[in-house]
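Written out below as structure tokens is the structure these notes cover.
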Amino acid sequence: MKIDLNTIFPSSRKEYIPGKIYKNIKIGMRKVSFNNDTESIFIYDTGGPHSDQDIQTNINNGIKKLRLNWITDRQDVEYYDRHTINTNSSTAFPLQNNKALKSKSDKPVTQMFYAKNNIITPEMEYVAIRENSLIQKLLSHTPNTIIPEITPELVRQEVAAGRAIIPANINHPESEPMIIGKNFLVKINANIGNSAVSSDINNEVHKMIYAIIYGADTVMDLSTGSHIHNTREWIIRNSPVPIGTVPIYQALNKVNGIVGELDFNIFKETLIEQAEQGVDYFTIHAGVLKKYIQYTTNRLTGIVSRGGAIIAQWCSIHNKENFLYTNFEEICDIMKSYDIAFSLGDGLRPGSIADANDKAQFLELKTLGELTDIAWKHDCQVMIEGPGHVPMHLIKENVEKQIYFCKEAPFYTLGPLTTDIAPGYDHITSAIGAAMIGWYGTSMLCYVTPKEHLGLPNLNDVKNGVITYKIAAHAADLAKGNPSAYIRDYALSHARFNFRWYDQFNLSLDPETAKSFHDESLPSEHAKSAHFCSMCGPKFCSMKLTHQLQLNSTE
């Protein structure tokens with residue numbers, strides 16, 4: 001797949017900002033130059049080398065191991081032989097490393113451990129510079145700023161307190177550090193992955209690249225079809241953003257989909273295999289307790305989480321407690337040895353408006369808070385997954401309860417969808433809820449594509465989902481008073497009022513689409529300097545009339 005960056009993001013170049021504490025780190029940002037060539041703004045960029053016009057990437061080679069020296073220079077990790085996996089050699093990543101890194105002893109190698117010990121890591125400085133997006137010179141345009149300047153020390157404090165996480169497995173050195181927390185920019189996740197109906201490794205890798213070029217901050221590989229292990233290896237080796245998974249899917253695949261044959265040893269083996277590959281965060285459905293399952297029987301849509309349903313069925317078959325819950329501390333020992341973050345799964349989330357905010361959902365949430373405390377004692381990073389399907393008037397309660405039960409650990413929500421009546425448009429029904437819940441304090445929003453509830457998303461669906469959720473996240477950032485969000489709106493509105501059409505296109509989330517819509521009715525180059533568009537024409541343009549009014553008032 002050939003991506004033309006000059007078409008997707010005209011008048012943009014990747015530039016690299018050096019660190020101050022760590023002089024050797026360089027943070028990539030997208031510089032958008034205005035048509036007058038004298039002004040520009042910097043935009044947070046998630047594409048890594050895939051969004052740099054000067055770098056030719058090849059998915060067969062993977063991308064640069066940006067953090068490898070940072071990791072090994074700490075001298076608290078060592079190489080060992082990776083577990084041997086029986087996979088189809090014809091689909092294997094060609095440059096697969098047979099060694100993996102792990103902590104040298106029982107001491108954690110997590111960003112939380114370093115933060116608690118007053119160590120500012122290169123990862124922490126990196127995310128601080130990314131979050132600021134060079135806003136200092138433009139702060140005069142940001143009234144009512146309520147978010148402080150992001151410094152490496154602030155990042156350290158937030159990670160140490162558990163209010164933010166930096167997902168960064170030591171076996172994923174290709175990743176560019178990013179931070180998830182309510183005092184930072186709202187992030188978005190894009191789900192990709194094959195199914196039993198559709199399995200194509202090349203297609204999934206390109207979905208990942210497409211997603212991050214358009215702004216996905218993390219990607220989850222939710223593959224349930226063929227070649228799960230190899231698909232994930234290809235994705236990780238080519239990904240500059242953190243990769244998350246739901247390990248229970250592959251564990252179930254190992255027992256041919258027979259839930260009753262699952263056990264903790266199979267799950268543990270799967271965790272370690274994925275840890276060695278470099279997965280940055282795991283969704284673990286440890287809060288689905290046996291005693292909670294009874295409260296889902298009267299729901300309209302029952303248990304809609306795949307992981308939650310698997311665990312519930314296992315508990316029912318064996319009449320035993322959830323093995324993820326009973327072995328949680330052993331899972332923590334694995335996580336802290338590789339710096340894998342927990343994404344504590346909401347296996348009992350509501351799957352319909354009728355089931356929102358019910359007893360099962362909030363009992364599980366309370367348990368997730370208890371598990372968060374245990375993980376923090378092991379210096380593991382934690383975020384909490386949330387719903388789901390929730391009407392607008394019930395959204396705030398979700399955030400309030402999550403903050404209370406989970407002690408401000410970052411909240412990561414799927415939408416929520418605010419109505420169930422629009423299959424084919426659930427990227428919109430969910431973006432309404434996503435913007436609201438982001439404003440209330442959710443740290444990361446999991447995108448929903450137009451194909452939700454209908455089928456596996458294709459490349460265009462991925463793009464639509466990412467753009468829709470970038471809008472929701474940005475709207476939440478504006479509501480929270482984030483100055484870097486305000487600056488982009490200010491710049492685009494200024495271009496719009498002054499009929500600088502190309503600057504208006506180029507500052508938008510999707511310049512290619514914005515320009516194509518303008519071209520449908522006014523395709524000529526002359527129209528790109530006209531003081532009107534086809535909506536109002538030259539006589540009824542309110543902005544043109546306002547310009548004349550302002551001119552008259554100065555005479």
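Just so you know, glycine gets a Cβ as well, placed from its N, Cα and C.
As recorded in Swiss-Prot:
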- ASN191, MET220, TYR249, HIS285, SER305, ARG306, GLY307, ASP346, GLY347, LEU348, ARG349, GLU385, TYR412: substrate binding site (BINDING)
- HIS389, HIS453: Zn(2+) binding site (BINDING)
- CYS533, CYS536, CYS541: [4Fe-4S] cluster binding site (BINDING)
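Residue pairs drawn from ASN191, MET220, TYR249, HIS285, SER305, ARG306, GLY307, ASP346, GLY347, LEU348, ARG349, GLU385, TYR412, the listed substrate binders, are separated by up to 20 Å at the Cα level. Classification of GLY347 (substrate binding site) by DSSP places it in coil, neither helical nor stranded.
Least packed by the Cβ count within 10 Å, out of the binding-site residues CYS533, CYS536, CYS541, is CYS536. Annotated [4Fe-4S] cluster site CYS533, CYS536, CYS541; additional same-chain residues within 8 Å of its Cβ mean position, judged by their own Cβ, are PHE532, SER534, MET535, GLY537, PRO538, PHE540, SER542, MET543, LYS544. In this structure, HIS389 (Zn(2+) binding site) is part of a beta strand by DSSP. All chains included, 24 other C-beta atoms sit within 10 angstroms of the C-beta of SER305 (substrate binding site). Per-site Cβ counts within 10 Å over the binding-site residues GLY307, GLY347 peak at GLY347.
In this structure the alpha carbons, written CA, of CYS541 ([4Fe-4S] cluster binding site) and GLY347 (substrate binding site) are 52 Å apart. Taking the Cβ of ASN191 (substrate binding site) as reference, residues of its chain lying under 8 Å away and at least six apart in sequence are, in sequence order, VAL219, MET220, LEU222, CYS446, TYR447.
Within the same chain, residues at least 6 positions away in sequence whose Cβ sits under 8 Å from that of ARG349 (substrate binding site) are VAL304, SER305, GLY308, GLN361, GLU385, GLY386, PRO387, GLY388, LEU414. Comparing CA positions across the binding-site residues HIS389, HIS453, CYS533, CYS536, the one lying closest to TYR249 (substrate binding site) turns out to be HIS453. Reduced to three states, the DSSP call for TYR412 (substrate binding site) is strand. Rounded to a whole number, the distance between the Cα atoms of GLY307 (substrate binding site) and CYS533 ([4Fe-4S] cluster binding site) is 50 Å. Most other Cβ atoms within 10 A: among the binding-site residues TYR249, TYR412, that distinction falls to TYR412.
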